[in-house]
Amino acid sequence: MIQGLLTVSAVILSLSILLALYRVAKGPSMPDRVLALDMIGINLISLVAVVSLIQETTAYLEVFLLLGILAFIGTVALSKFIEKGVVIERRRD
Amino acid sequence: MKSNDVILQTVANIVLFIILMFSVFLFFNGHHEPGGGFIGGLMTSSALVLLLLAYDLETVKRILPVDFKLVTAAGLLVAVGTGMGSFFFGAPFLSQTYDYFHFPVLGELELATALIFDVGVYLVVVGITLTIIQTIGEDR
């Protein structure tokens, strides 16, 4: 019962990642793609959580925090590149 | 155009310490569970990259006046030193040992000499990633 529910939710999360991938490929502007990549990162966290429940292990617990931090830093870097043209400034005015 | 990054800077000031604590946790977790010197060093350098994104290169150099090439050299020296240290006890190169110690607050802990080798790996990873990023970030 629980295993079936977890499998169904994993399939739904995979479908959501696929829809976000369509937005990454099609998206007319650059911010659309950045937001879709951020959404893929958040969905991956949920998918890893569901997979760790299916396999009944706690070995993936660090992966959630790691994916959250990396998705945040990647999104901030891409947004800064879109807004200012440089990722790391030499001297802020 | 003058831009205002007050939200990004405020968030970075708080999140920086969370990421640093997480990297220390990953570093000390590596003996029995997933983690270790490599991923701990990568998380520390990603925290400093967040600081570089929120502020600029010269501010980070002012609040953290460290030459990261020297950090890499110190890490390699520590790693080789743990390997050479086993010669003093008549053991082969890089052989390791462990023992149990009693601490006042923490209780009984297992301390292994592999931890000192991990410190070397940590310093090398932090030094090399930040040297690469700072060198690429300098646009002049």
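Keep in mind that glycine also has a Cβ here, set from the backbone N, Cα and C atoms.
Whatever TrEMBL says is automated annotation, not expert-curated.
The feature transmembrane segment is assigned by TrEMBL to B:7-28 (among others). For the transmembrane segment (B:7-28), same-chain residues at least 6 beyond its ends with a Cβ under 8 Å from one of its own Cβ atoms are 35-37, 39-41, 43-44, 46-47, 50-51, 53-55, 118, 122.
Secondary structure of the domain 'Na+/H+ antiporter MnhB subunit-related protein' (B:7-130) per DSSP, as helix, strand and coil residue counts: 87 helix, 12 strand, 25 coil. Residues or ranges marked as domain 'Na+/H+ antiporter MnhB subunit-related protein' by TrEMBL: B:7-130.
Per TrEMBL, transmembrane segment is recorded for B:34-55 (among others).
Under the heading transmembrane segment, TrEMBL lists B:67-91 (among others).
Feature annotation from TrEMBL assigns transmembrane segment to B:111-133 (among others).
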